[in-house]
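**Student:** Quick one: this structure, given as structure tokens, is what I'll be asking you about.
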Amino acid sequence: MSGVDPSIELVFGPPAAGVDLNESITAAYDIVSCVVLGIAAAAVCLRFYVRTMRGANSLAIDDWFVVLGLVCTCALVATTLIAGAYGSGTHVWATTLPRLMVLLKVVFAEPWVYAASVTSTKISILLLYRRLFYTGEGDMLVINRIFTIMYWVAISFTCAYPIIMWIVMAAACRPLNFFWMQYSGATEGKCIDTLMFFLVFGIVNMINDVIILIVPIPRILKLHMNKRKKFSVAGIMLLGSFVCVASIVRIYYLTLLTTAVDISFILGPAFGWSSLEPSVAIIGACLPTYAPLFRGIRNKDSNTGTSQKGSHHINLSQTPNFLKQQSHFRIEESDEVELTSKKSYFQSTGGSRDGEGSIESEDGARSSRDARGITVTSQVEVVRDVANVV
């Protein structure tokens, strides 16, 4: 067929009948990859804004790991754009052998960057889990055996993934440049079946995504909050399930690569979904940190509504003597304690004039007002019902 590089036709054979050599899906994947990366960058910026609302000291190591993940994902998207510029997403018969050599060099570099990107983001998520569910009472992982097992399995898979990937890629071909030179007619060299390795390791990576997704579920179910809040928190966590979808689609295209002749055309979506996966993971990793922002908005609306009704807002930490009055306290739904807090709150159900009132925790457990070990360290908005005050 006219216009086909003879060297390409020698290696890949003639194009199949009906193949449009002008067809390209490069632009679509490039645009989507850049847009989702931009959303991920905005999500990280909002995360830092929320986390620093109470000062820069509020930042934790998981916040910095998500930044590292974002930087690596930017590099990963760059490899997608470079690959597209050299023929990824176009039919192999529409390119030339020199351009194909450059494309294969990008294919060789991509797993190194991909492993760093997904690993940084997953470590950030796992460290976030540790911060969310750490109680401060010894080892957080002895509280729930299922949580313990899944957490450490996820940690092990996550940390081992890049190490194995980098070692295998470093030894994939001998000599190393045979990885991209094998299509130029070079015969002195040998490579492992890298496409099959990518496929198998992609499946392992997807399994790890599923494990990370369900790790927090046992702990969420044991949180002292009503069912609606539990479902809300679990729903936010499960938004990361799209990462698993991206992994599955990526595996599908890796499967096609193992048998495809038109490799450059299949590489387009393979690169695209590889870039989308960590970007979506970053967005999912940031969502649980937005609780203080939404709670602040709800509290603002609640304060406006209750002030119009003539209710009085009392700060427990500043008016401890007020508990000695016989009155009714109601903790509003907007007074939600975020998951990352190690603080507790209580509601007074009334007390005698000599101060022997009772304290009720969220799960209904009561103790005397003089009980030791109960400390209120957070400011909680309490509404005093004037009609019930004696």
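Positions of Cβ are set from backbone N, Cα and C atoms, glycine also.
Look at TrEMBL and you will find 27-50, 62-86, 106-129, 149-172, 195-221, 233-253 tagged as transmembrane segment. The domain 'Rhodopsin' feature in TrEMBL is assigned to 46-295. Residues or ranges marked as compositional bias 'Polar residues' in TrEMBL: 342-351. According to TrEMBL, the region 'Disordered' annotation covers 342-373. Among the features that TrEMBL reports, compositional bias 'Basic and acidic residues' is placed at 363-372.
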**Student:** Between 0 and 100, where does the mean pLDDT of the domain 'Rhodopsin' (46-295) sit?
**Tutor:** 86
**Student:** Among 27-50, 106-129, 149-172, point out the range having the most Cβ pairs under 8 angstroms from the transmembrane segment (62-86).
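**Tutor:** It is 106-129, which has the most Cβ pairs under 8 Å.
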**Student:** Residue list, the transmembrane segment (106-129) vs rest of chain: Cβ under 8 Å, 6 or more residues beyond ends.
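**Tutor:** Residues packing against the transmembrane segment (106-129) from afar: 60-63, 65-66, 68-69, 72-73, 75-76, 79, 82-83, 86, 88, 151, 154-155, 158-159, 161-162, 165-166, 169, 172, 179-180, 198, 205, 208, 212, 215-216, 219, 240, 267, 271, 274, 277-278, 281-282, 284-285, 288-289.
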